[in-house]
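Novice: Pasting a structure here, questions to come.
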Amino acid sequence: MARLSRERYAQLYGPTTGDRIRLADTDLLVEITEDRCGGPGLAGDEAVFGGGKVLRESMGQGRVTRAEGAPDTVITGAVIIDYWGIIKANIGIRDGRIVAIGKAGNPNIMSGIHPDLVVGPSTEIIGGNGRIVTAGAIDCHVHLICPQVIAEALSSGITTIIGGGTGPAEGSKSTTVTPGGWHLARMLEALDSWPVNIALLGKGNTVNPDALWEQLRGGASGFKLHEDWGKSPAAIDACLTVADAAGVQVALHSDTLNEMGFVEDTLAAIAGRSIHTYHTEGAGGGHAPDIITVAAHPNVLPSSTNPTRPHTVNALDEHLDMLMVCHHLNPRIPDDLAFAESRIRPSTIAAEDLLHDIGAISMIGSDSQAMGRVGEVVMRTWQTAHVMKQRRGALEGDPSGRYSADNNRARRYVAKYTICPAVAHGLDHEVGSVEVGKLADLVLWEPAFFGVRPHAVVKGGAIAWAAMGDANASIPTPQPVLPRPMFGASPAVAAATSVHFVAAQSIEAGLADQIAVDRRLVPVADVRAVGKADMPLNDAQPRIEVDPDTFTVRIDGEVWEQQPATELPMAQRYFLF
């Protein structure tokens with residue numbers, strides 16, 4: 001009996017169980033733990049499309065009709081990297097949702113075919129062989145300052161946006177808030193034609209509960225409390241009281257100046273209630289110098305933003321200028337300069353690296369155009385993982401050695417921009433992972449470009465964005481190959497394949513009949529019982545201490561020394577600028 005070498009098998013069908021894949025130009029490797037497509041010993045029985053290949057009439061393609069259950073699309077032979085594991089499988093999509101993860105083909109001539117992956121004449125094929133698939137990324141911290149940020153987000157693999165804004169207004173440039181029913185309605189209408197899911201945050205800075213409830217009825221999915229609007233303990237309590245009654249999440253950017261209390265006062269106002277703390281880091285804002293300590297608390301769902309990911313030799317200089325612009329400060333005013341310098345602390349930026357690696361900071365967002373870059377959430381997450389492997393070695397549970405697999409680290413880091421923000425904001429019943437029943441928001445990557453530029457972005461089952469060559473060429477691949485909108489990005493299709501996440505009170509108030517949107521309005525799940533323990537693979541609660549004079553950080557009693565990176569992967573090797 002003829003046998004295939006592993007190398008030849010990978011060339012024909014893609015890697016299989018036991019094979020390791022390098023992620024872009026990082027030091028990170030992942031190993032396939034299961035192959036649901038076939039694998040060695042079953043070679044020739046895999047679903048592969050092309051001339052002379054398997055998925056042809058009366059061969060790998062059967063006669064089953066769509067009415068009889070054939071999937072609309074099958075992604076063949078993809079390596080799935082998700083929080084729950086790293087496997088190879090075919091992915092079936094029907095009506096914009098994932099219906100099966102297993103083996104696809106024609107059960108009349110092939111063994112082990114999943115009943116929901118029977119390929120028929122109505123089935124389209126996306127070739128995933130030799131490619132990686134991840135869940136569409138969720139950016140949990142987006143300032144909607146201009147519509148172009150959405151194109152940039154899609155180009156990097158983001159399919160869900162949590163945040164707020166109304167355009168280039170001063171409030172939006174600073175605070176991630178869409179305030180009030182009129183602005184919420186207009187933004188939901190404006191975003192209806194983009195192939196991304198949207199969850200807008202209303203303004204939480206008030207002690208008037210009526211002002212909060214009207215925003216929930218008007219389309220907000222939750223609230224944002226920001227220091228630039230005045231973050232008093234009373235406002236925190238009032239906002240969380242309404243959130244508890246409504247079941248929605250509150251995102252908090254706390255008080256850098258400590259005007260209205262210190263971190264202990266903010267924690268007292270939160271009073272053990274679930275809260276998503278933005279900028280649980282060393283530079284983005286919040287109580288100086290010790291906001292990072294909130295990551296130790298069981299009710300706090302901490303995130304940080306990508307401009308400090310990872311700690312590099314350029315971080316300090318870059319942030320000072322960014323802060324001056326984003327928060328309307330004047331470098332010629334001593335008080336403004338002191339504010340900026342107190343907010344940017346190399347020691348806490350460095351500690352942020354470690355807290356991500358041990359799973360104490362659970363999420364990463366962009367803070368787009370407000371000190372962060374919307375197109376770099378995925379990339380900077382994996383740069384951080386690379387730097388931490390270089391510095392700390394293998395993560396607990398991963399084998400040691402230069403060429404050993406980093407599956408546990410990969411699963412932890414991919415969760416930071418997929419399932420963790422979905423759970424935190426009550427979206428995980430629809431998005432956040434590659435699992436049956438969820439929207440088919442999927443990103444395909446060539447391994448050499450993993451985390452840098454997607455091969456294709458599938459939104460609700462339709463290809464919305466892809467790396468595409470010259471449209472006047474004779475084939476799709478001639479240069480320049482650029483991320484470009486596809487048919488799935490047309491307004492009608494985008495509305496059919498994407499959702500607006502809103503509070504349940506919006507649905508009850510009949511919002512869908514009051515605004516000009518074509519997509520579904522989906523209520524967020526009740527998140528008020530969600531705590532740190534619910535953050536998959538990112539639930540650590542170490543003891544964190546910050547010296548108020550030197551800003552030295554101790555994590556479980558150990559000082560974390562600053563070692564800013566001088567060189568990163570996924571950088572100039574891929575980009576001119």
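Cβ atoms are placed via backbone N, Cα and C, with glycine included.
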Novice: Swiss-Prot records HIS141, HIS143, LYS224 as Ni(2+) 1-binding residues. Which of ASP367, ASP398, ASP406 is assigned to the same site?
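Specialist: Record source Swiss-Prot; matching candidate: ASP367.
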Novice: Of HIS253, HIS297, HIS311, which does Swiss-Prot put in the Ni(2+) 2 site with LYS224, HIS279?
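Specialist: For the Ni(2+) 2 site that includes LYS224, HIS279, Swiss-Prot also lists HIS253.
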Novice: Using a 10 Å cut-off between Cα atoms, which of these binding-site residues sit near HIS226 (substrate binding site): HIS143, HIS279, ASP367?
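Specialist: Among HIS143, HIS279, ASP367, not one has a Cα sitting within 10 Å of that of HIS226 (substrate binding site).
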Novice: Check the domain 'Urease' (136-577) for me and report the mean pLDDT.
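Specialist: That region's mean pLDDT is 95.
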Novice: To the nearest Å, how far is the Cα of HIS141 (Ni(2+) 1 binding site) from the Cα of HIS279 (Ni(2+) 2 binding site)?
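Specialist: Cα-Cα distance, HIS141 (Ni(2+) 1 binding site) to HIS279 (Ni(2+) 2 binding site): 10 Å.
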Novice: Quick one: among the binding-site residues HIS141, HIS143, HIS226, HIS253, HIS279, which has the most Cβ atoms sitting within 10 Å of its own Cβ?
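Specialist: The residue with the most neighbouring Cβ atoms within 10 Å is HIS141.
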Novice: Can you list, in sequence order, the residues of the same chain other than HIS141, HIS143, LYS224, ASP367 whose CB lies within 8 Å of the CB centroid of the Ni(2+) 1 site?
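Specialist: Checked against the 8 Å cutoff, the neighbours are VAL142, GLY163, GLY164, THR175, THR176, ALA251, HIS253, TYR278, THR305, GLY365, SER366, SER368, ALA370, GLY372.
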Novice: Compare the C-alpha of HIS279 (Ni(2+) 2 binding site) with the C-alpha of each of the binding-site residues HIS143, LYS224, ASP367, and give the closest one.
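Specialist: Minimum Cα distance from HIS279 (Ni(2+) 2 binding site) across HIS143, LYS224, ASP367 lands on ASP367.
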Novice: Among all protein chains shown, how many Cβ atoms are found within 10 Å of the Cβ of ASP367 (Ni(2+) 1 binding site), not counting that one?
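Specialist: The answer is 31 other Cβ atoms.
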Novice: Using a Cβ cut-off under 8 Å and a sequence separation of 6 or more, which residues in the same chain sit near LYS224 (Ni(2+) 1 binding site)?
Specialist: GLY164, THR175, THR176, VAL177, LEU201, GLY202, LYS203, GLY204, VAL250, ALA251, LEU252, HIS253
